[in-house]
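> Take this structure, written in structure tokens, and hold onto it; I'll ask about it next.
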Amino acid sequence: MRPVSVWQWSPWGLLLCLLCSSCLGSPSPSTDPEKRAGSQGLRFRLAGFPRKPYEGRVEIQRAGEWGTICDDDFTLQAAHVLCRELGFTEATGWTHSAKYGPGTGRIWLDNLSCSGTEQSVTECASRGWGNSDCTHDEDAGVICKDQRLPGFSDSNVIEVEHHLQVEEVRIRPAVGWGRRPLPVTEGLVEVRLPDGWSQVCDKGWSAHNSHVVCGMLGFPSEKRVNAAFYRLLAQRQQHSFGLHGVACMGTEAHLSLCSLEFYRANDTARCPGGGPAVVSCVPGPLYAASSGQKKQQQSKPQGEARVRLKSGAHPGEGRVEVLKASTWGTVCDRKWDLHAASVVCRELGFGSAREALSGARMGQDVSKRYECANFGEQGITVGCWDLYRHDIDCQWIDITDVKPGNYILQIVINPNFEVAESDFTNNAMKCNCKYDGHRIWVHNCHIGDAFSEEANRRFERYPGQTSNQII
């Protein structure tokens with residue numbers, strides 16, 4: 001790598017990425033209910049599970065028939081319009097691939113294109129009402145800001161009838177609560193209901209059920225428990241049962257997707273002859289519960305990995321790649337869903353998948369979108385290229401040959417003052433940077449004169465300034 005100038009051309013991409021959040025912010029159209037006549041004759045609701053009251057699958061009633069919206073070409077701007085139709089101020093996100101479950105009936109809209117300023121979804125472009133080539137596996141959802149529009153009338157919004165849902169699940173140790181190491185891998189299965197945490201009746205409880213519970217909590221597999229011990233312990237404790245009749249197939253990504261029944265308020269005899277369901281989960285390599293488990297796992301012979309995740313920002317996410325004939329390749333996203341993603345996650349030592357991403361959301365592979373070249377002082381390393389989608393203007397900085405250590409990251413915009421500006425003092429950003437060979441931490445960043453002279457001198461004091469490395 002070069003000295004500081006190596007970093008100088010990249011800020012355009014970096015700053016454009018940072019500015020995108022403000023570019024995609026909620027527009028400010030008129031929110032006066034009297035002016036929103038374009039949606040007359042339509043009704044809107046949020047459906048699906050698990051979800052919160054301000055998120056879900058978007059459903060529209062037209063001509064007396066409820067239907068959904070396909071996620072093709074769906075954007076945050078469209079989500080803003082729909083959230084306002086539902087009486088919320090704006091959207092904070094949107095979902096694809098039927099995250100809240102597939103709907104039924106018609107798919108009313110496809111290739112929906114909104115600018116975000118429309119007063120009604122009828123003003124947005126689309127293929128036309130009822131004209132779609134999608135399936136309900138592509139139903140779109142929205143996540144609205146939990147803030148209602150002032151003076152909004154609910155006459156145009158039909159809320160789905162509220163049903164009990166299993167949204168949160170935990171494992172509570174039967175003994176020694178607070179003294180057990182984290183993560184908790186064995187204990188009573190508890191679900192959060194409106195009245196608080198409740199236990200699950202173990203009558204009919206199966207290994208498939210345990211597999212689903214462990215998976216949704218981040219564990220790849222389950223093991224047998226000492227049923228006699230927990231049955232004896234249950235006789236000495238009081239329990240509050242809220243769920244029974246759980247019957248999972250073992251492939252579900254969430255307990256709420258299994259067949260189950262809630263106890264009614266007037267049920268006086270709950271779980272007769274049974275006890276609380278108990279699971280014991282096996283942690284993956286990254287979440288071994290104790291050093292003994294870590295040593296045991298490390299001592300096992302490990303074959304060559306045949307599945308890996310690339311380009312993810314956090315452990316457990318990334319582009320799926322498989323090894324075949326000594327060559328790494330990718331997986332087509334056709335029919336890619338939570339079931340398939342969960343198989344990959346468990347194979348890698350994680351639990352069930354939380355989301356199955358499609359459309360090369362984690363970048364594409366040696367299939368390049370942008371090419372970079374060395375333009376002298378611009379500082380782009382020869383051979384670097386972009387892994388992002390074509391509609392995101394960002395650049396990677398090639399650090400292939402950089403050794404682990406502490407560095408200074410400096411980014412300069414318009415270094416040669418070729419573009420006229422009213423103020424050039426905020427064109428440079430400087431950060432402390434640490435690289436461990438796998439990840440990079442950037443801290444103490446400031447732009448221009450944001451820090452005092454004394455703080456700036458602390459940066460300049462490093463003897464490795466000329467070589468970009470801190471000694």
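The first residue you see is number 1, and the count goes up from there.
Just so you know, glycine gets a Cβ as well, placed from its N, Cα and C.
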> Based on what TrEMBL records, which one of C20, C23, C134, C144 is disulphide-bonded to C83?
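Checking TrEMBL, the candidate bonded to C83 through a disulfide is C144.
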> Could you tell me which of C124, C134 is bonded to C114 by a disulfide, according to TrEMBL?
C124
> Of all the disulfide-bonded residues given, namely C70, C114, C248, which is spatially nearest to C83 (disulfide bond) at the Cα level?
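Ranked by Cα distance from C83 (disulfide bond), first place goes to C114.
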> So how many other Cβ atoms are close to C83 (disulfide bond), meaning within 10 Å of its Cβ?
27
> Sorted by position, what residues of the same chain at least six away from C134 (disulfide bond) have a C-beta under 8 A from it?
C70, D71, D72, I107, D110
> Could you break down the residues of the domain 'SRCR' (169-282) into DSSP helix, strand and coil, giving a count for each?
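Across the domain 'SRCR' (169-282), DSSP assigns the residues as follows: 21 helix, 38 strand, 55 coil.
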> So of C70, C124, C248, which of the disulfide-bonded residues has the fewest other Cβ atoms within 10 Å around its own Cβ?
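Each of the disulfide-bonded residues C70, C124, C248 was scored; lowest Cβ tally within 10 Å is C124.
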> By a 10 A CB contact count over all chains shown, which of the disulfide-bonded residues listed here is most packed: C144, C258?
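Counting Cβ neighbours within 10 Å, the top one is C144.
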> Spatially, and counting Cα to Cα, which of the disulfide-bonded residues is closest to C144 (disulfide bond)? Options: C114, C124, C248, C258.
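For C144 (disulfide bond), the spatially nearest of the disulfide-bonded residues is C114.
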